[in-house]
Amino acid sequence: MGVDSPSSSPVTITVSTSGGGGGHGIGLTSPIRRHSLSNNPNSPLSGRGLRASSGGKASSSNTTARYLSFSKDSTEEFVAYTVHIPPTPDNRIIAGSQNSPLDRSKSRGIPSAGFIKDTIFTGGHNSVTRAHVRKSSEEVELPNVKTKSNLVCEIEGCDEKALDRNSKMQCECGFRICRDCFFDCVENGAGRCPGCKEPYRGDVIDDEIQDEPRSQPRIRVGKNYSLVQSFKNPNHDFDHAQWLFETKGTYGYGNAVWPRDGYVSGMGTERHQNPPDFTDRRNKPLTRKVGISAAIISPYRLLMALRLAALACFLTWRVSHPNHEAMWLWIMSVVCEFWFALSWLLDQLPKLCPVKRVTDLSVLKQRFESSDPNLNNPKALSDLPGIDVFVSTADPDKEPPLVTANTILSILAVDYPMEKVACYLSDDGGSLVTFEALAEAASFSKSWVPFCRKHNIEPRNPDAYFSQKSDPLKNKVKIDFVRDRRRVKREYDEFKVRINALPESIRRRSDAYNAQAELRARKKQLELGDNLSEAVKVPKATWMSDGSHWPGTWTSAEEGHSKGDHEGIIQMMLMPPNSEPVFGTEADEDNLIDTAEVDIRLPMLVYVSREKRRGFEHNKKAGAMNALVRASAIMSNGPFILNLDCDHYIYNSLALREGMCFMLDRGGDRICYVQFPQRFEGIDPNDRYANHNTVFFDVSMRAFDGLQGPMYVGTGCIFRRIALYGFSPPRATEHHGWFGTKKIKTLLRRKSKAPKNQDDVETLLPILGDENADDEAAKALLSKQFGNSASLIDSIAIAEFGGRLLHELRGKGCLGRPAGSLAVLREPLDAAALAEAVSVVTCFYEDKTEWGKRVGWIYGSVTEDVVTGYRMHNRGWRSVYCITKRDAFRGTAPINLTDRLIQVLRWATGSVEIFFSRNNALFASPRMKFLQRVAYFNVGMYPFTSVFLLVYCLLPALSLFSGKFIVQSLNVTFLVFLLAITLTLCMLALLEIKWSGITLHDWWRNEQFWLIGGTSAHPSAVVQGLLKVIAGIDISFTLTSKSAAPDDEDDEFAELYEFRWTVLMVPPITIILINMIAIAVAVSRTLYSPFPEWSKLLGGVFFSIWVLSHLYPFAKGLMGRKGKIPTIVYLWSGLICIVLSLIALYLYPPSGEQRSFQFEFP
């Protein structure tokens, strides 16, 4: 099949069937480039300033309303208005809207939805874009929806009884039509049948018109004049009084009579009331900032000041009172204490202004999802902006496909307008297992999603829902819930079995096809008469279920089909839904549950695997996310983007609405992203290794929210698309002077001359409707930054418009959008759009562009998430931290000690890279607040604390071995300072627990793992970071394994007790053994000494016990389930302890005399 288009199109598609035999390729060229998500050329979303299509005419779609554009020039801004005039009896348009959507798509030359859905689009470097048809489908498979009866008129919007098939007015094609619609077609449709488009017979028209009285317009009894009916009969007179009476006067907000809610004609005389007060609705905020109680925050700040003063006095006293008996011990301790004081100050300063935020979802629904048609939204469609959801995975072995599939199902069932959601799965491994798992998830979603909507299921991850131990019948009132749940549970169990069997089934299928290919090669060799002793070279391919080669990664890793060398792949799993609800049918053999009153639409679902080739830098997760940004801009172009890891699913179906409350509220146009806290499942009840990380997510991140916003942590974050594109906010505040006390507010709608050192701050944002939008220089600059895809560049202005605030909520000097401007139909996808999407995920597309440098996710660090968020804050954007009453997202975390240490090592290495790069907060722009700079600076500096922490953990042991202490004697002054510092720290911790909501257990586990990570992973991160900076040695990390849901409760925490050796364990093991040996040596020496010094012994033992208590979870993890320490731990630890003990005995022999080192031979 082909699509007609000019031959000058730069995109070529080769369509081939996927049968076993060789198919015949047909050349295709790209149709007209798509500019907008709206199928209305007069919609505000397809406004001015967009690049015209190269080659081909623009296809015009039929509309049901008119748009009038006006403009007003002022000294402050250029304002563009688009007025939408809904259809009324005086404004009725006859067009091809009576045709079905499929007819309209065919009339424009767009391939059927079945072709797009059942076709894999591939392409890449030095290869043409190909469309592999998996199965032929001329007809679109429509969902199980309620269709019209054979006795009802087929005209869209008409429910009158159709004419008898034997009637003269019935067309030979069999198109069912009622009498009134027949006369409408005769008078206004050129006498042609709406079905076959052939003219009616002339004798029939003449006979029927003579018999029909035409003295007055026909008014159908018992049927109101709807918007659809107003499309008909535009030329004859109309009874406005009758129309107003039947519609209860709902022309618009300017009616003289405003009907009461629930008023029925003929019941009483009090038929009107005053119009509602819209001012109150507009002024209602979507969010509120709730400050911490003064009874808590004021003492908290006072204690911070007191502890800072105590630290200053203590350090001053320590410097002025050296220990002359052990100067080396005194110097090391003082240097470490100074560093710890600085580290505590940097960590504590950003916590001065913690805040809490709450949302009001009822106001969001009232403002953007009115159920009643109005002047701005005649069809009562959702006015919420679109959201593209990104899910990333890379290895099906370490990230089980079942976990990924459950995440996808939770996204498809989210409580957000279905037509506004598009889900993209990035498979960076190009695995057929992941591809077929996604196809299975798309199939199962047709049962799971309606079940969730019908019974309000939470959570909407099927594995999490069916695994929860709470009563599933709680708050369920529908009598068919038990039956529906039983059926869906059985279907999900079968779904799990199919997913788990995918690797084996793919292997068997591929072996069978490869064996057949080898037999055919042998047969061909025999026919050609070649030497049969020579081995036949047949590639061991991976085969899809339809008998064609998988274009991605093969198990045999052949050339062009390995993890780092394969084509780009895009497959539409679920097509974009209609804008209006589609209701299902009652339960039958094909439908598990009764969905007669349930909207069965599903969001758009796309599989994407970017191209990878040898010799190209692919930039790991950041590169994969940037590929999704470009592909989604062409396919759906949601103004907002939510990114999730494959193991983080939507736990609260309202999470997207919660995040959009911040983006769409007053001042939301300055917010670049909304970060949600990470919550984890499958962690042991004691949280041995602080996997919940609640101190960071509930204390630090909430404190950052009171500054310029929390940092981006890699998942569970809703982005503004144009902020990811590297554009500046509409307005920003610059902070100058000491500590940023001098503030200068600036408007950034126009490009200003920035200093050379701030070239990363400003970027001209293409404004939809801007008078300078056609500036060739601006377009050339965008092409240099974003690449040579005209569709991608054209989509930027559309995304900017979709993310604007409503006119009444916009800030001073900023552009807004009219209410109802996003309540438009989505433009259907075509082959050219998918071909263009494949071209932007190729490995060479980012060459000579700004992707990864200032556009999209930033490259150059293993913690690309922190750097990306830092760049946005550096341009003046703000971010928001959203803690919902019910957790928004939940995921998994490594509970094994080795995996946890490797995870912390990766984070710390990224921080060291940040410290030695231009992303260091010391070089931040004036648009970043002072305390926000301190927070980001601490992110890059905290791994270096591990060097001093290692030394300080060994000081107690060295003190016990030498019999000396860090001070001359334990006098009262030292003890008072120590007591004051300790008490203020404990009181600060208690107040943090109070205002953050964490527990004392969480705080203590965080303290313990701070020392465990600081003596194991962080020192290694410092070494690796220095090697990369100095010697250019790049460090690669393995992907963190994601555990699937356990089948047996006894093995739920099996990984917790599994021991896996890593060199990171050597430092903490050494510290534990040395301190234990030092305590034993010091106690025995003091007991047998003629002059025991108990004060020095107590001081050294106290600090040694402090170190050991922090390392207790680490020691417990070494013992495993049965309390047995592996042999390798004894070998390494014993060797290190013997060496260090011999050195200590040599330096401090029992006689107290230090001897010179001499070699003596026997």
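Our numbering is plain: 1 for the first residue shown, then up by one each step along the chain.
Including glycine, each Cβ sits where the backbone N, Cα and C put it.
Remember, TrEMBL labels are computer predictions, not curated facts.
The Cβ of Asp428 (active site) has 23 other Cβ atoms within 10 Å, all protein chains considered. Marked as active site by TrEMBL: Asp428 (among others).
What TrEMBL records for Asp865 (among others) is active site.
According to TrEMBL, the UDP-alpha-D-glucose binding site annotation covers Ser392, Lys398, Glu399, Asp428, Lys620.
The Mn(2+) binding site annotation in TrEMBL covers Lys621, Asp645.
TrEMBL lists 1-64 (among others) with the feature region 'Disordered'.
Taken from TrEMBL, the feature region 'Disordered' applies to 90-109 (among others).
Look at TrEMBL and you will find 935-958 (among others) tagged as transmembrane segment. Residues 329, 332-333, 335-336, 339-340, 343, 346-347, 350, 704, 707, 711, 866, 870, 873, 908-909, 911-912, 914-915, 919-922, 924, 928, 966, 1011, 1013-1015, 1018-1019, 1021-1022, 1025, 1067, 1071, 1074-1075, 1077-1078, 1100-1101, 1103-1104, 1106-1107, 1144 of the same chain, all 6+ positions outside the transmembrane segment (935-958), place their C-beta atoms under 8 angstroms from a C-beta of that stretch.
Under the heading transmembrane segment, TrEMBL lists 970-991 (among others).
Annotation comment: TrEMBL describes 1061-1082 (among others) as transmembrane segment.
According to TrEMBL, the transmembrane segment annotation covers 1094-1115 (among others).
Residues annotated as transmembrane segment in TrEMBL: 1127-1148 (among others).
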Give me the count of other Cβ atoms within 10 A of the Cβ belonging to Lys621 (Mn(2+) binding site). 20
List the residues of the same chain that sit at least 6 positions away from Ser392 (UDP-alpha-D-glucose binding site) in sequence and have their Cβ under 8 Å from its Cβ, in sequence order, or write 'none'. Leu425, Ser426, Asp428, Lys621, Ala624, Met625, Leu628, Asn643, Leu644, Asp645, Cys646
Report the largest Cα to Cα distance, in Å and rounded to a whole number, among the residues Ser392, Lys398, Glu399, Asp428, Lys620 that the record lists as binding UDP-alpha-D-glucose. 15
Could you tell me the C-alpha distance between Glu399 (UDP-alpha-D-glucose binding site) and Asp865 (active site) in angstrom, no decimals? 20
Return the residue, from the listed binding-site residues Lys398, Lys620, with the maximum count of other C-beta atoms within 10 angstroms of its C-beta. Lys620
Number of Cβ atoms other than its own within 10 Å, given for Glu399 (UDP-alpha-D-glucose binding site): 25
Surrounding CB atoms that lie within 10 Å of the CB of Asp865 (active site), all protein chains: 24
CA pair Lys620 (UDP-alpha-D-glucose binding site) / Asp865 (active site), Å rounded to integer, equals 12
Lys398 (UDP-alpha-D-glucose binding site) and Asp865 (active site), Cα-Cα, nearest whole angstrom: 21
